[in-house]
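Peer 1: Take this structure, written in structure tokens, and hold onto it; I'll ask about it next.
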Amino acid sequence: MTFSLIVATTLNNVIGKDNQMPWHLPADLAWFRQNTTGKPVIMGRKTFESIGRPLPKRTNIVLSRQLFEHEGVIWKDSFESAVNFVRDFDEIMLIGGGELFKQYLPKADKLYLTQIQTELDGDTFFPQLNWEEWEIEFDEYRKADEQNRYDCRFLILTRK
């Protein structure tokens, strides 16, 4: 099983502000959907609350120390029990938030990274990557357009 993280960050590693993403980029949402559909997605409670609903065509697992009940969502109280629950899948995706990324980035096999080519204010950050540990498997640059305010770089990184 491949353990992957998927995240969008600014150049200053911002991933959120006030429990929301401080940008709206349809290109990144499409990238996220393309790379997570059909796979189990693991997220923290705050990330689920910011999304507001289970993601369709995915097994939605919410990690929380406290019992969490919501239709279409599986609650687990530990990362290990979540992984054990979806152990038969080829790939599992950790989709946030900040604390889980910090804790589990060192264990990740793969990273789907959207680099938003700007710096923004935020209160939640992705850890600084050590690029020596990663090999670029995919790299696509997309210029800003009428729907996407910022240039984006879409990367798939695999651990060396």
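Backbone N, Cα and C define each Cβ position, glycine as well.
According to Swiss-Prot:
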BINDING   ILE6, ASP28, ARG53, ARG58, THR114  substrate binding site
BINDING   ALA8, 14-20, 46-47, 64-65, 96-103  NADP(+) binding site
DOMAIN    2-159  domain 'DHFR'
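Show me how these features fit into the structure around them.
Peer 2: Spatially close to THR114 (substrate binding site) yet at least six residues away along the chain are VAL7, ALA8, THR9, LEU25, ASP28, TRP31, PHE32, CYS152, ARG153, PHE154, LEU155, judged by Cβ distances under 8 angstroms.
Within its own chain, THR47 (NADP(+) binding site) has ILE95, GLY96, GLY97, LEU100 as residues 6 or more apart in sequence whose C-beta sits under 8 angstroms from its own.
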Peer 1: Could you measure between ASN19 (NADP(+) binding site) and ARG58 (substrate binding site) for me? Cα positions, answer in whole angstrom.
Peer 2: 22
Peer 1: Which one of these binding-site residues, ASP28, GLU99, has the sparsest Cβ neighbourhood, judged by other Cβ atoms within 10 angstroms?
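Peer 2: Counting other Cβ atoms within 10 Å of each of the binding-site residues ASP28, GLU99, the minimum falls on GLU99.
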Peer 1: DSSP secondary structure for THR47 (NADP(+) binding site), reduced to helix/strand/coil, please.
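Peer 2: In the DSSP reduction, THR47 (NADP(+) binding site) maps to helix.
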